[in-house]
Each structure stands twice: as C-alpha cells, then as structure tokens.
Amino acid sequence: MKTTDTPPPVEPVEDRTQVVKEKVPPEKAKSSEGGILNAFSHGILIIWAIMVVLPLLWAVMTSFKDDDSIFSSPWSLPDKLHFDNWSRAWSQAHMSDYFGNTLIVVGFSLVGTLVLGSMAAYVLARFEFPGNRFIYFLFVGGMSFPIMLALVPLFYVLNNMSLLNTLPGLILVYIAYSLPFTVFFLTSFFRTLPTSIAEAAFVDGASHTRTFFQIMLPMAKPGLVSVGIFNFLGQWNQYMLPTVLNTDPDKKVLSQGLVELATSQGYKGDWSGLFAGLVMAMLPVLAAYIIFQRQVVQGLTAGALK
Amino acid sequence: MQHGKYRFIVGFLVAPLALYAIFVIWPFVQAIYYSFTDWTGLSPDFKMVGFANYTRMLHDDIFWKSLQHSLLFALLLPLVTLGLALFFAFMLNVGGRRRKGAAITGVRGSGFYKIAYFFPQVLSIAIVSLLFQFAYNPNDGVINGTLKAIGLGSVQPDWLGDPNLALWCVMAVLLWSTVGFFVVLFSAGMASIPKDFYEAALLDGASRATTFFKITLPLLWDTVQSGWVYMGILALGAEAFAAVQIMTVGPGGPDYSTTVLPLYVYQSAFRDANAAYATTIGVALLIVTLLFAAIVMRLGRRERLEF
C-alpha cells in the first residue's frame, strides 16, 4: 500500500489501525479468502497429526488383540485385553534379553561417550597446541563419512581383537562413532563458558584435571544434558552398527531383536506377540519423550542450530 | 597456566583419540586400501589388483541402480521433507489468525502439533519400518484394508511388492519419520525472528505467502541448508539402509527396485563374501556423500543476514 504521494483516503488508514488494534476482520472478500486458506492449511495440519498418531495408537491397540481379530477386524477395539501377548513376547520371544542387552550397551556407552567426548572437547576448546585444529577436524569430519564403508574392515578388526559379537566390543564402537558429534557440540559449548573461574581455580592451586572435573564439568551441565539426550536416543535406536557387528542371537539389542522377532513370529503367525514386542519397545521412549519433552527437543535440535 | 599443560593435554586426548583412531579412522583408511585388492574377507590372503574393482563397478547394473536410488534419497526426499516441514512450521508459528494482543501467532493448538509431530523422531527406524511393513502388506495390511472399507476394493496395490511402487513406499516412510524433527527445528529458528519484521510486512499489506518468501525463508536459510545436509547424509547412509533392509523383499527388491548404496555394500561384503568389492562401492558412497555436502553448502551460500 503506497500512501506517500496521493493524499490517502481516510478509509484504508482507519482500516489499518483497526487491524492492528482491534483485530476486526478485514473486508469481506479478503476474510473469506483467508478463511478458505486457513481451513485448508489447518486441515492439512490435522491430517498429518492423525497420520502420525494413528499408526502408533493402532499398534498399541493391536498388541492387546488376539491373532484372529487383528486380520478380521483391524480397526475394532479388542474384545478383551489380551495381556498374554505381552508376557509371551517378554519371556518366550526374548524381549527381556533384548532389553537387558540394550540397557547394558547404552548405559556404558553413554557414560563413556560423555566422559571421553567432554575431555577431548575441553582440551580442544581451551588449549592452544600444535595440531589442535587438525585433531578437531579429524573428529568433526567423521560426521559426514558414510559409516557403512568403515564397517566392512571394522568387522575384521573386531574379529581379530576377539571383540566381534560381544557387548564390550559394541560399547566401544558405539562410543567411537558417537564422538564426532559429541566433540563438535561440546567444543563449541566449552568455548562459550567464561574463562575467569577456571583461571581463578588454577591460581588457587587446583590442577588442570581437578579444574576440569570440579569446575568446568558442572558448568557444562546444560550442554552435557543436550548431547546426552541426543546420544541416548541415537544409541538406544541404533540399528546399523549391531546388525553388522553383533550377530550372536544371545547378544542382540532391542532394534535388531525386533526385526528378528518379526521374521520368526511371521513364520509362527504370532502377530499379536510381535505387536506386543513392538509396543513394549516403543512405549518407554515415547513416555520419556512426553515427560522430558522440552529437553529432548532442545537436545535433538541443538546440534543443527549451532 | 603453562605448568604441566602438555602432560594434561596428552592425558586427556589419548583415550578418546585412540578409540576414535582404532574404530573409525583406521577402518576408513583400510577400506580405501582394500578397494584396490581382491580380498574376499574370508581368507587373509589377497593381492593388489589396481583399478579392477572400479572397472567392474562401472559395468555393474546393480551399482548404477543403487546409486540412482541413493541420489533420489539425497536430493528429492529432503526437498519434500523440508518443504513440508517449512509449511507446517510456518503455520504453527506465524500462520495463525490475528488475535488480540499479538499480531503474529501460530494456529490454534500449535503446541499439541509440535509434540505430536515429533513422535516418530524418538522411535527407532527399525520399529517404524516394521510397523509400515505390516501396514503395506497387500493382503492383510491396514492400508489395503482401509481402501476396501471405503469402497475402493478394486484398488489394491502390491505396495512393497510392486517394483514401480516399492521405492516410493520406502520414501514415504522416511518422510513420515523425519518431517516432525524439521518442524520442531524450523520452529525454533522461526521463534528467533523478531516479530516486528512480520508486523511491518503485514502493515504494508503483505500476504502470508509473501511474508513467508520474503522474511521467513531468507532469515531461516542457514538452518534449512544445514538441515538438508543432515537429512541427505542420513538418507544416503544409516536411515536408508535400515528402512530398505527391514521393509523390502529381498532385501533391496523386488527386482533391485529399492536397493541403495549402503545396502549393496553390506550385501557384497557379508552375503557375497566379496569384501574388496564392497569397499569399492563404499568409496563411491563416500565420494557421493562428500560431493553432496559440498554442493549443497556451496549452492546455498548467500550473504549472511544479521538480525
């Protein structure tokens, strides 16, 4: 709207102030056009929400049905809650083992990733030494390499070290492949922390190591939480690394175990057991997400926004 | 600060660096070396064969198919995903009806949408793939069941069994599982754009489409760009591997219609016992990934807007 040279008619000006101050809907034609657009885009938003939520709800519902009704009436509610599906999946289909293995692997590798990652990041962020940049880019470059390429030789490296198909081997690999992002993220985080406190501690006679563990780490807590959530989800959901490097049926982790379950239950025709297993794996993460919603979102998006 | 500095630096770097070198860097270096040998992976003996593996690769139809599919995953899929995510994020943050107090708001219920859209992101791609594999089943699957129920009994595609449809089915699943992440990411970016910009544009009579293209997109460009690189790397690597390997028949079928580079590397090495050839395809994947990242970063370079 140009109102500079021609003397403005009074109406539009009034109209404008109305829009801003009183939120009176603009002229008729405009509002109906806006209304259609609004309804249309709101409709798409609702459809997408349904498309996301419905399959998950449907999976939960299906896990309580018996095998016949899964196929005969996929959309109806279960006649009664078949909890036996869940107990069958938990014990007979080894879901309990998969859970246990995943907890061990993710527990150790998460702690290992955070400790080693923050140590490397701290040194790279705060100390000048020859090769600093080189090491930093060595770590960061790892983010864009296709992991699959390394997995072929890594399979034989682990085999030679007798670490293939063992949980400790998997833990070490998880840590190593989580380092690039962790170092990248925490290096920029440590750079934002003030230097004066660490210097004061150093003047007071604290060693570098002590300064790091007692002063810098507590200060870096928000960053550690973000990167910790990112790594937790990545490692908990990891599928490619265990598929290649951990093929022993007794050592399988959750995601591969589920795929295994799908194959074997498919033969047995135990679909309800499979769905119980799927939902069992799905619910803890979803519940954790809903509870820690804000932190999870921050943790997962922080890296890309840096 | 000098006292014991180098001892401290070495002490702190040695463990992470050693782990990283042994399990990440060294295998990459080895992989490139192996691509010039005839190593099978089964026996420790092998000899150098020069570029034989590379020549073979260039004449391998399955390689070209995998490459084509992977490129589609890296270029088309992010385009659709990011486009949809931008639209959703704009609606949720700026697109709302003008209400009292604030000129710029999201549509009603935007908080709920942001939470719900993010659900698939926290689930393992394995779970998502299994769910959809079940839904795509042509006989008992939910999708065809629903089509029947609404009177489209004659339209019963084979989905993952149809060579012309299978790849699109896989892409739809990856789209489904990643859009939410970018909605939330872009929402965070949009929240940092000052409201005055929108208010000024609206005062000048700009439509919502104009505000999107003239204000939101330029100011969000850096985020969109890094999002594209991030999504492309995932779609060239782990995500595509998992989705194709779990969902499709074969896997990679029917008739190689869904095979992707990481899957072909995996199959060559661990199914066909041809580790050297697998690393050759892996090197091609490495080149494609690096080129992709370089091109997207370069094409997208613009003057940085400060605000």
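Each Cβ is built from the backbone N, Cα and C atoms, and glycine gets one as well.
Under the heading domain 'ABC transmembrane type-1', TrEMBL lists B:67-296.
Taken from TrEMBL, the feature transmembrane segment covers B:12-36 (among others).
Annotation source TrEMBL lists transmembrane segment at B:71-94 (among others).
Annotated transmembrane segment per TrEMBL: B:115-136 (among others), in sequence order.
If you look up TrEMBL, you'll see B:165-186 (among others) marked as transmembrane segment. Outside the transmembrane segment (B:165-186), and at least 6 residues removed from its termini, the chain residues within Cβ reach (under 8 Å) are 69, 72-73, 76-77, 80-82, 84-86, 88-89, 92, 113-114, 116-121, 123, 125, 128-129, 132, 136, 157-159, 220, 223-224, 227, 231, 234-235, 239-240, 243-244, 247-249, 253-254, 257-258.
Per TrEMBL, the feature transmembrane segment maps to B:228-247 (among others). Here the transmembrane segment (B:228-247) has long-range neighbours at 70, 73-75, 77-78, 81-82, 125-126, 128-130, 132-133, 136, 160, 169-170, 173-174, 178, 182, 258-263, 266, 285, 288-289, 292-293, 296-297, 300, meaning same-chain residues at least 6 beyond its ends whose C-beta is under 8 angstroms from one of its own.
The feature transmembrane segment is assigned by TrEMBL to B:275-297 (among others).
Using a Cβ-Cβ cut-off under 8 Å and counting only residues 6 or more beyond its ends in the same chain, the transmembrane segment (B:115-136) has close neighbours at 88, 142-143, 159-160, 169, 173, 176-181, 183-184, 238-239, 242-243, 246-247.
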